[in-house]
Amino acid sequence: MFVLFVLFPLVSAFDYSIILEEKSPINQPIYHFPYSYELLTNFQSNFNLTNNNRDLILTKTIDRDAWCAQNICSCDHCSFLLELFSNDNKTVPIFSSINITITDLNDHACQFLDIQTNISLSESIQIGHRFPIARAIDADSGINGQLSFKLLENEDYFELNIINLSVNEYAIYGILKHALDRELKEKYNLLIEAVDHGLKQVRSSRMNVTVWILDENDNAPKFNQTEYSIQSLPEDTQVGTQLLTISATDIDKGLNSLIHYSIVQPPDISSFPFAIDSSTGVVSLRSPLDYETVRSYRFLIRASDSGLPQSLYTDTWLSISIADVNDCPVEITFIPNRRFQYENQTIFIYENTEIKNLTIGYIRLFDQDSIPTKLSVSLMTLDSKLQQEYELIPSSQINSYILIAKKGIYDREIQREVHLRFVATDTLLTSISDLKIRLLDLNDNPSEFPSNPMKFSIEELANYHMVEHPTENSQIVLGYLNATDPDEGENAMNRYELEPNSYVKIDSNTGRLTLIQPLDREQISRIQLKAKAINIAEPKWETEVQVEIEVLDINDNIPQCLSPMQQISVEENSSTTNSLVQINATDADLGVNGTINYSIRLNSSWPFEINSKTGEIYSRQIFDYESNWKTFFIIVDLEDEGFPIKNQNKNACQLIVNIEDINDNSPQLTDDSQTRIFLDLQRSPFLNEIILFNATDLDSGDNGKVKYSLLDNDSNSLFRLY
């Protein structure tokens, strides 16, 4: 969202002022404020606040003359502003400024520069000829930097010509007063004294130069004007632009009149923005200008001829003033509400802080350009889903605003950070400053388990040979009660508790569940316990959870016969459709571990077979008692389907099958000839036996006993059978 505010003009008023002498002592109060302030700007990092931020002190010694030389402040009037901010008013901040003027101290004597220690003059040079000797400068300002010069030797032949280059800088020339004759005197010593005009203390310096009398190159170049200047050069002038042409002439001939141009000792050649063509005298821009850094330049241009044995030269001043253009974007300063921590463009606010026109901080706009402009600022939110509404409200001070949260909630678990952007403009240039609101966590959420119940599983350990009192290394980890908390840091840390039991224990710090004794699924198949996670930080939220531990089966049990020895009787001629008997066995394991396969061991000629799944035994053929086998001994092997297969061929059931006889055979005469009997009637009556029948029956017992009878047995029968 965007919020655009009414534009206000920038003003330059200040609330306090102080005049301070350079090199004043440091760490001593220089001004006492009625409020507690903070420094928004600190000129050259020279100031600080003490005594509850009410006393302004110097932290570094101020050298006004050095600042003047570096164009940090004006040599004529060195003053600057410090921007201040006070929150004593608890409701709205107070923005103030103090104007500090630095006065000069007469702490410098004259300094001679570009000294021509050995000067050569032609003996035919005309009286009144002027020649350069040196430059002189006093780094002080005002009358402390004003100098007077005096020639102390050979004043009959020479006099001084002083040109005032600036308030405290001079060009020293010598003027010939008397004709020279090299044959009479070849050398003259010139002792020059410079004295400043200081009131409290006068400082002086001397220099000595030697004038040698020659016969050549007796004219120095002359400029076509005494001083050059460029007024209001725009600071955005392109590098390489030719600014003006310096021109000088020399009335000598040949090499003595060939002129070369140069800039005399710029302050810092690496950052000095101007250059001159040595042949043409064209001055051009070699690096960008910045009005906000340096507002004017004044430097010497030298024209030198190519005369031999010594070159003659003349200097002139070039002054350039820089014109400001609107090239500085608006500076956006954010001052946080003191109740909140602030660092690196980030303000820290605790979640659940009440939002009802909550003051987040203050915005101050500043434009370094000197051109009066109207400043405005708008507010943008960079988050797609924002839980709060923000607004910038103009304060009672110009170019100052209050950032408030109008309504909404601060919930770190919903939104950890809020990203705001301030966009400021001076109608031409735009600047951006971002502010991050980071929500600090409160312990306002209990922990949560991934599920309830928390389910774990472990194989039964009856055969794992855990020691009776296991060490840490022999304990088996079931898993972790990994409760999560949407809070962060210590607020999200838990300790864990588990109800007392003899099977499982818990690490209170990590929630790790470990087995403390072997388990046998055949004795206990499921363990149900109650546990809870407890926040370490207040208010120590508790979250309960049900813990279910399923004991998984392993193949640790042997199939068992319900009847190790079983005996059955089967009638001969029984049907082969039905089973003879079912072998009953059990396995205490589960699933495939408890699924039993049956097999039989017997004589390969015996007619038995078994259903491997049900244990039912069948006969492949009908039994005949009268055959050779009447009793069978069968071994039934039991084998489960688990892995590994346990005890194959070591556990078996025994079965005895007895074949019972049934009366399935008729008596048979042993002699088929007895079926016919021939009687001799001549021999009647028959009082003795006629025939003795002999019959047999293959059946056994009573079924094999034979009884004889006549089918026709009435009283009138002729026969009788015993």
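The backbone N, Cα and C atoms fix where each Cβ goes, and this holds for glycine too.
Automatic, uncurated: that is what TrEMBL annotation is.
What TrEMBL records for 35-112 (among others) is domain 'Cadherin'.
The domain 'Cadherin' annotation in TrEMBL covers 113-223 (among others).
Taken from TrEMBL, the feature domain 'Cadherin' applies to 232-334 (among others).
The feature domain 'Cadherin' is assigned by TrEMBL to 341-449 (among others). Helix, strand and coil counts from DSSP across the domain 'Cadherin' (341-449) read 0 helix, 62 strand, 47 coil.
The average pLDDT the prediction assigns to the domain 'Cadherin' (458-561) is 85. According to TrEMBL, the feature domain 'Cadherin' maps to 458-561 (among others).
TrEMBL lists 562-669 (among others) with the feature domain 'Cadherin'.
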For the domain 'Cadherin' (458-561): best-contacting stretch of 35-112, 113-223, 232-334, 341-449, by Cβ pairs under 8 Å: 341-449
